[in-house]
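So the structure is just underneath, and the comments pick up after that.
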Amino acid sequence: MVGRIVIRGGLVITASDEIHADVLIEDGRIAALAASGTPAAEAWTAERTMDATGKYVIPGGVDAHTHMELPFGGTFASDTFETGTRAAAWGGTTTIIDFAVQSVGHSLREGLDAWMAKADAQCAIDYGFHMIVSDVNQETLKEMDLLVEEGVTSFKQFMAYPGVFYSDDGQILRAMQRSAENGGLIMMHAENGIAIDVLVEQALARGETDPRYHGEVRKALLEAEATHRAIKLAQVAGAPLYVVHVSAMEAVAELARARDEGLNVFGETCPQYLFLSTDNLAEPDFEGSKYVCSTPLRPKEHQAKLWQGLRTNDLQVVSTDHCPFCFVGQKELGRGDFSKIPNGLPGVENRMDLLHQAVVDGHISRRRWIEIACATPARMFGLYPKKGTIAPGADADVVIYDPHAEQVMSAETHHMNVDYSAYEGKRTTGRVETVLSRGEPVITEREFTGRAGHGVYTPRSTCQYLT
Ligand code: URP
Ligand code: ZN
Ligand code: ZN
Ligand code: ZN
């Protein structure tokens with residue numbers, strides 16, 4: 001354990017401020033900030049001094065949506081908690097919230113215990129869990145109360161994937177009513193899975209088997225319809241709602257309308273929807289399979305509406321939905337039948353850099369970058385101000401970020417356990433230099449200096465973002 005660390009000379013950026021300040025770290029926490037060059041800052045002594053001149057000093061990223069080792073379509077997401085959290089650290093993310101899964105016929109507790117065991121002593125950075133609720137019944141509803149008390153304060157339900165994770169409207173309403181009472185936050189996968197399954201069957205019967213048909217059957221209108229329905233069910237239940245992986249502009253419009261009515265309705269989008277499109281899904285030679293995820297990638301015109309939603313706060317969070325499957329042997333399971341391609345994209349390592357590129361490109365401000373990638377996910381899921389900011393008392397989860405370094409994203413150089421990059425060849429400006437997790441250097445000037453097991457399970461309070 002490094003004792004006192006001082007980071008000198010950087011531009012400290014949080015969701016609310018940009019200040020030239022030195023940062024004092026003591027016992028794994030932020031002890032103080034003081035304007036660089038002032039007597040107060042100069043007086044600090046420390047075991048270790050880090051020079052951040054010309055660099056940004058930002059809170060570690062909080063990725064509120066990952067799926068390490070998720071079982072899906074007869075295979076498992078290819079990143080383990082060890083490889084996935086190491087890659088996250090490389091990309092400047094210091095907290096993930098992954099999804100424990102309740103299987104049908106089993107309890108929430110069994111699912112949570114299983115995911116706790118998978119992550120235990122494996123993670124390079126801190127982690128928490130949401131709970132995927134696949135089987136709403138009286139026992140499950142009671143268990144939700146217990147989980148909220150224990151720090152698992154958010155529950156994902158699916159309007160998609162009938163026969164797997166799917167909940168019907170009655171099950172959704174019951175879970176929402178429960179969360180209205182116990183303070184939990186329902187996270188919704190909003191796609192009309194019943195209608196989509198009909199369209200899948202019809203497409204395959206016509207011989208439309210290529211990856212691009214995955215995007216065609218999972219229609220934007222069916223995302224919008226489900227988003228609207230989820231909002232109305234939440235309104236009836238008097239519960240807040242967080243819609244995950246929003247990709248359709250029509251769904252953003254539904255969220256915006258609900259928010260204009262004053263409802264506690266929130267939306268998350270992901271880098272793949274901001275930077276990739278149906279053009280990628282249409283790549284020949286089955287390459288399109290690399291871009292199969294749900295909700296699907298959309299035509300390019302949706303991107304502008306997603307950026308707009310991020311600027312107007314109709315979308316509040318950018319998470320990755322990191323759920324990698326290798327091209328060889330995993331995505332290939334769907335050759336000849338797009339519905340058998342495991343759903344999900346890698347990205348946990350790329351998010352902070354891609355969103356910095358969005359700053360460079362003029363889509364968002366620097367402070368908004370930190371807000372959507374660090375502060376709001378921490379607030380939304382009850383981790384603030386321990387995570388998501390640089391302030392006295394916060395965990396010293398800190399990234400020294402070089403805003404001028406150029407890089408090219410590639411599977412050759414990334415650290416995720418997957419044989420392709422969704423952003424292969426993409427040039428970005430900005431790069432993570434050094435990453436501290438509770439004061440421990442896990443990346444030091446672009447060397448991995450962390451270890452599996454440094455990261456600890458982090459229980460969460462209820463949502464801190466309600467109006
Ligand atoms: O395609 C995706 N998003 N895979 C992960 C599971 C989910 O629905 O989030
Ligand atoms: Zn999910
Ligand atoms: Zn989902
Ligand atoms: Zn997901």
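Just so it is clear, glycine is given a Cβ too, placed from its N, Cα and C backbone atoms.
Here TrEMBL flags 56-441 as domain 'Amidohydrolase-related'. According to TrEMBL, the N6-carboxylysine annotation covers LYS156.
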Collapsed DSSP category at LYS156 (N6-carboxylysine)
strand
Please give the average pLDDT for the domain 'Amidohydrolase-related' (56-441) in this predicted model.
98
What is the Cβ neighbour count of the residue listed as 'N6-carboxylysine' at a 10 Å cut-off, with all protein chains included?
23
